[in-house]
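Database features, via TrEMBL:
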BINDING   GLY25, GLY27, GLU67  Ca(2+) 1 binding site
BINDING   ILE253, ARG255, GLY257, ASP297  Ca(2+) 2 binding site
BINDING   ALA295, THR298  Ca(2+) 3 binding site
Amino acid sequence: MATIDVPEQVSVLADAEALRKACKGWGTDEKAIISVLGHRNAVQRKQIRLAYEDLYQEDLIKRLESELSGDFEKAVYRWILDPADRDAVLANVAIKKLSPDHHVIVEISCTRSPEELLVVRRAYQARYKHSLEEDVAAHTKGDTRKLLVALVSAFRYDGEEINTRVANSEAKILHEAVKDKEFNHEEIIRILSTRSKMQLMATFNRYRDDHGTTITKNLEGDSGDEFLKTLRPTIRCLNDPKKYFEKVLRNSIRRVGTDEDALTRVIVTRAEKDLKDVKELYYKRNSVPLDQAVAKDTTGDYKALLLTLLGKED
């Protein structure tokens, strides 16, 4: 369930005017920006952008980028983009980093629905004049490349039907590969990149029932192994995305120095999806409400925006 609080009736023209006013004159009214954008869903934010451009012949995103700075500017920019466009930007930034963030590519390809991933790939092409697959392939190598290209290219069956016989046999295949420490086995890549999420959950459950432990617990190995570092989050994202996002949030806050990129990414991408469930999981796991942990670790307008998206005003 979503955490953002959206009013029943919205005037996109009034919103566009309020944002223009917030950006005019000396100093920017950040509170006004948060009070409008922090309470609008993706469809409304798009309508506001179009209304703003219509009224003022100016790109709202560019205007906000020039008015704001730091983590707050980055969070507003991520939030105001269409979800697919945002994922395209997140993927591109992750790929082009000196040390690529493979887990961000995994996150986008394994926690979005097949239709959503298809739209992300279209948005990526439109924005960067390359395909997501070719950029992932150009910035990775070896088995990690094979896994990531297969994941971003996937168009899985998205229904509820599962085949118990397949779950049983593929749980065996996974166990054999893991037991022999053949983590990069082509069958692992095939299973993870082609099966539906419901089918994979049945396979992972069969693995756990047969062997008394989860597959991720068995994926121990060299902590510097790039392929393993990509494989573990792949299985977590496919099997239990809420649990995965809770862990990303926990790690982003617990670090010495907050990982603002991860914190912003999860809150912004999940606020209209399942952030309420992730919040509940976070509290169960850490005995501290997520908004309290975020408030303690962030400051200023950045903190105010994140708390608004978490459904808790500062």
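Backbone N, Cα and C atoms are what each Cβ position is placed from, and that goes for glycine too.
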- Message: What does the structure give for the C-alpha distance between GLY27 (Ca(2+) 1 binding site) and ILE253 (Ca(2+) 2 binding site)? Integer Å is fine.
- Response: 31
- Just the number: how many Å between the Cα atoms of ILE253 (Ca(2+) 2 binding site) and ALA295 (Ca(2+) 3 binding site)? 10
- Note on the structure: THR298 (Ca(2+) 3 binding site) and GLY257 (Ca(2+) 2 binding site), compared by Cα position, are separated in whole Å by 10
- Task: Within 10 Å of the Cβ of GLY27 (Ca(2+) 1 binding site), how many other Cβ atoms can you find? Include all protein chains, please.
- Result: 9
- Cα distance, GLU67 (Ca(2+) 1 binding site) to ASP297 (Ca(2+) 2 binding site), nearest Å? 24
- Sparsest-packed among the binding-site residues, when each Cβ's other Cβ atoms within 10 Å are tallied, from GLY25, ILE253: GLY25
- Neighbours of ARG255 (Ca(2+) 2 binding site) among the binding-site residues GLY25, GLU67, ALA295 (Cα to Cα, within 10 Å): none
- Note on the structure: Quick note, GLU67 (Ca(2+) 1 binding site) and ALA295 (Ca(2+) 3 binding site): C-alpha atoms separated, nearest Å, by 24
- Query: Do you know offhand how many angstrom separate ALA295 (Ca(2+) 3 binding site) and GLY257 (Ca(2+) 2 binding site) by C-alpha?
  - Reply: 14
- Item | GLY25 (Ca(2+) 1 binding site) to GLY257 (Ca(2+) 2 binding site) - Cα separation in whole Å | 35
- Count the other Cβ atoms sitting within 10 Å of the Cβ of ALA295 (Ca(2+) 3 binding site), across every protein chain shown. 17
- Item | CB-centroid shell, 8 A cutoff, Ca(2+) 2 site ILE253, ARG255, GLY257, ASP297, site residues removed | SER252, ARG254, VAL256, THR258, ASP259, LEU263
- Note on the structure: If you tally other C-beta atoms within 10 angstroms for each of the binding-site residues GLU67, ARG255, GLY257, THR298, the top scorer is THR298
